[in-house]
């Protein structure tokens, strides 16, 4: 069946691989689709993620990195549910029939009262390939389950006739094999039904309405649903239905996998695994349709409720959408199935076309039988409302009303109301009946329930009884003008704007505003503001609105409106900004001032507003608006009327030059009065005006007061010295002495020299400012001189005593220079006393040689207990100069500074300087003075006593030219005199640090060897020997012999380090340190013989141990082992073992190891002993040793023996340790293969098996090799290695035998089957296909594909590609190697599954070349997937279009241009005009004109007629008519003229018929083209050509038509007269209101009233806005009011 005519249409919504989904995840466990909105795919490689595909935008999948066991999307919203570790909620337990089943579906009904669980299991033994389905139905209310046999199930609801509540149905499909019979059934059963007692969730309450119809009182019933749970007895229930599922023979093992139910159409969709679709009617279980929708297995479906179909997903990743073909399903059921009742029910249920004739016919039958109720119900349920027309209403109206019965018309309307909503015509007719009976409440109820369709006509009808209800109807009907008029009548003007915006309507806003303004100005303002906020801008110009307010002198309202609408401050509103300011400056200046203060406008006429502000006395506003300096100067002098602060702020807006000019004018006008403003301005804007400019301005007017106040505010922020000086100057000149004093005290920025000079010149009565400057900046001598000269001695005393006593020395010095009296100076000094700094005072007096002046002062301080160093320094200097026992002072006074006093004494007496320096430890100064004066004895004694390392380093430095003299004094005098060990120690240490060994030896010999107090000192003896070792080794041996109290071990080590080995040996012998002594012999003297001799002499084990180690180092292994045995030393057994192995002296090693074992239990020792036995071939001792207790590491020993090819010994060890793996390999090395296999069996290790196996293969022991190989190949990782080993050695048959034996193993895996397949492909191709077919599910197909490709087994390769779902490669292989691989049926199955569309066209070429007789069969298979245009092009280029004619006929329903043109070309060549005409009528996508031109000259008449038909379809009327005229096809000519709608063509055809004498054609043309031909033309032609009789029927029809039109017009005119009269008064009132507002104000403001005149003004003419005077709104002008 052609796809276009099928009742179910299929299309590919998308493919998952095209979205990047890996095909391995397109399966039941990874893909979920819970609704038609989303698909969810769970990926686990290369990383865990979840992909969500939104079906509304599938090209944009959402991928998230999420790990979950499963994932589901919420059916309605973007919420993802993941299965992780949380426990699910248990609903029920599985029944027994579902145990061991794979669960494939779980569903619930809409009420969630019923649940169903479906699983599948392996089929019965007699037919295992048929999957068995099991179902468990569970009732939530009853908590009971029922087990059934079913593969798929689904819930649905269905309303049974006579039952107001929907029934819950379950539909399930099953396919079972019982007693050798295969049964396939579909069941539809109602759930929860009780016979005679049905549970409903609602009841219907009826209302009875009474009205008159044609004078008869009737009752009218309407039903309304009321929620309430009641039991209704005797309601009909759904009858159980069942039907057979008919499976084709090719689908014998197929079974249902899913079921979906379309509530929209009442259809059941059953989908099978192999892609079959069964469609059944839900109500009757009647079969509707069956077809295969997918060549690939389908594993997932979901309901597509929005379109009444379903989605299906197959293994290729195609997402298929199945929908009902609304245009063909009803004709299909009525025609193909011949089921008229089902066709009508489908049409009514789904509102589908195709059953119109049946429904109309049935309606006529019922009406003719007076079954008006049934006819009404049929009309109400008619599909697509084909019977709900005015004709139907007229039919019911025409039925006479029987007495006592309900009129059929009301029965009809009642049925419609119970079914749903009435259409416009029905609503109007019913409402007319209700309005006539004044039953307004019925209309309200119906409108509330949305039972009526609102129209403007309905609103007009209802308006006669209820304006509010009419307004609701107008709104619903979107009768915008009527809604606006209704709001206006209700004075709800704000709602007009809201409604107009909602519906996009533009009313007459100006008229509305005028109407509101007349009664409520404030409401008019609000309305105008609402208009201004409308989207798209205000519909009325702002200026016009303003003039409407001003016309009524509503200044405040106009201002309020303008202030609101002008908030955006746009440039285009400049005129209106000026206007609002003008009207307020003239009438309400304070309002204008507030507006200007707000700063909301910036685009008005500023000069004009400035002038008005000046006139209104708003001088500051005038200043803000003027832009010329003369205007500003004129206004700014009115300071009496300007707020000072505002004026100051205004100065900030001027330029520097203009501001200074204005300030100068203000000072000229009133210096005293305006000075404060000028000062404040200068303070505020000093940065803009410039400080210099302001200063010059004040100085120009000699206003030191202004300068003082201005600089006073600027001073704190300025660092300019000139500013600070000018401020001091201004303050001084204005008498602000305190301010001068403060600034001179606090400021850091004035020029001190300049300020000092100014103050001295000013000679202020108060000297404090000058004191501040001089004190702070070091002008104390100048200050002192100024005050002394000006006899201001009290200021000198005050300065010294109170201001800065620290500067008293400078004052004293200056007074001494000025030759002031000593008494005043002494008194001044004594008055300060302790506050006076002594050091500078002494310095000042000392410079002037007047130090004795301070004697009394200093003694006074000492008597007061002063410890000031400077006091005592000065007093010491005075004593030294006087010579009054200075040594006593220098040694007893603790407070003077030794460095200062010593320096003072150097030139007077150096010994006194040494005393002073020694007392203060002034090292450098003392050294210098003693060197300078050759006082080396004093220096030596001081250095020894100081014991200071740094001092010693300095005096013993090679750079000291006096070092030798000092050393001589230390050695000869200072150190012999010392009795302190510390001093001696420090001195020795200093000599050592200074690296003076010879001097040190000289020093130490004098102390140690010459019977001094330190002769037996341990440390000094050590030091003497060590120094000799370092400086004079020849003396060391003498010192060793002469001295006894020294550290022998330490000195011996030092001697060794100094390479004095004999001296070291002597020291160790002297102190009985034998080990150290022998070490010297061995390590330093290198004499093993002397060491052995020494060891025999002392006979100590430690000595022998050292000798043994040395012998071992020298390679004397046997001698070393003998020495170790003498030393009984086992610590070096590791070194001994290594040395013995290197020297191959295993017999000696055995003796040593036996000794070691007696003292130590070391694994190494026992292990080496076994190894040594093996090396000397003492295998018996090995067996005895390992049987005895030991700690040997036997495993390592065995491995070592094996590695060194000592296989017999290794075999003993491995057998003892049960190391079967190593034992097996050892047997192999010994060629004991059977034993090796036995050991390998015990080891059971893959590595061992491989080693033994490979050895057996190399030895050609294939039987044993196979035993080993069977234990290897069960390990996947080792299989390939075994195979390669056999093949590399050419053992192909043995390898195949091994693999074939491995197939029967219990642990046989895929690798064995695959490897055997590869071997067959290489060496036994005749067995390959049989192997592949037998074990296709256990093969690694990709690997075997590569092997078949390499070996060119094309048939087998194709089979493998198909099994691996690589259909592209399969198709390519078949086409490339067709002699071996091609099979037509197989190729058809493959080609529909390929993903690369190019392979379709390659297949077309392939079949065209090799199998042209089967090409149509191929094309029919791939028709849904190929580009038909491309296929036609291929065939056209090959010249074989006729070959694919059946294919093109099958796909022509797609209306493809290339197909249409090819078929039309074939039909034209075949002269098959019937098919050609049919093709043209049904398919218009082709070059119509080209085809027409091609066949218009065809020799066949029917072909030329087709050309004329094509011209007619293309709108080329003249060419069609001309072609028809040529062939005398006059009927075609007339029909073409009629369809063209062109009067000229019709009249030309009449003339043609007259010319040809075709009178009958003339008459027929008048009838056919009746609507186009003018009556006067027809009469004229008929009269002139004597054809009145032939035109008479036309004339009769024409007269009848126009008479009827005139009658209708007269009737309409008469009906309209009353309505016209009723509206005349209303129109007159409206015109009067419009004329009241016809005149507008001019743009200029009205002048204020003159004295003696009224306050009003005459309205201007309409031409005041530049337009000619004209009456408003088309009405006559009216006089002024």
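Positions of Cβ are set from backbone N, Cα and C atoms, glycine also.
Each residue of the domain 'Clathrin heavy chain linker core motif' (326-349) gets a DSSP state, and the totals for helix, strand and coil are 18 helix, 0 strand, 6 coil. Residues or ranges marked as domain 'Clathrin heavy chain linker core motif' by TrEMBL: 326-349.
If you look up TrEMBL, you'll see 533-679 (among others) marked as repeat 'CHCR'. Under DSSP, residues within the repeat 'CHCR' (533-679) fall into helix, strand and coil as 107 helix, 0 strand, 40 coil.
Across the repeat 'CHCR' (682-824), DSSP assigns 112 helix, 0 strand, 31 coil. The repeat 'CHCR' annotation in TrEMBL covers 682-824 (among others).
Feature annotation from TrEMBL assigns repeat 'CHCR' to 829-968 (among others).
If you look up TrEMBL, you'll see 975-1120 (among others) marked as repeat 'CHCR'. Across the repeat 'CHCR' (975-1120), DSSP assigns 113 helix, 0 strand, 33 coil.
If you look up TrEMBL, you'll see 1124-1265 (among others) marked as repeat 'CHCR'.
The feature repeat 'CHCR' is assigned by TrEMBL to 1270-1416 (among others).
Mean pLDDT for the repeat 'CHCR' (1419-1562) in the predicted structure: 87. Summarising the annotation, TrEMBL assigns repeat 'CHCR' to 1419-1562 (among others).
If one looks beyond the domain 'Clathrin heavy chain linker core motif' (326-349) by at least 6 residues along the same chain, the residues whose Cβ comes under 8 Å of a Cβ in the stretch are 4-8, 265-266, 281, 283-284, 286, 288-289, 355, 358-359, 362, 381-383. According to DSSP, the secondary structure content of the repeat 'CHCR' (1270-1416) in residues is 116 helix, 0 strand, 31 coil.
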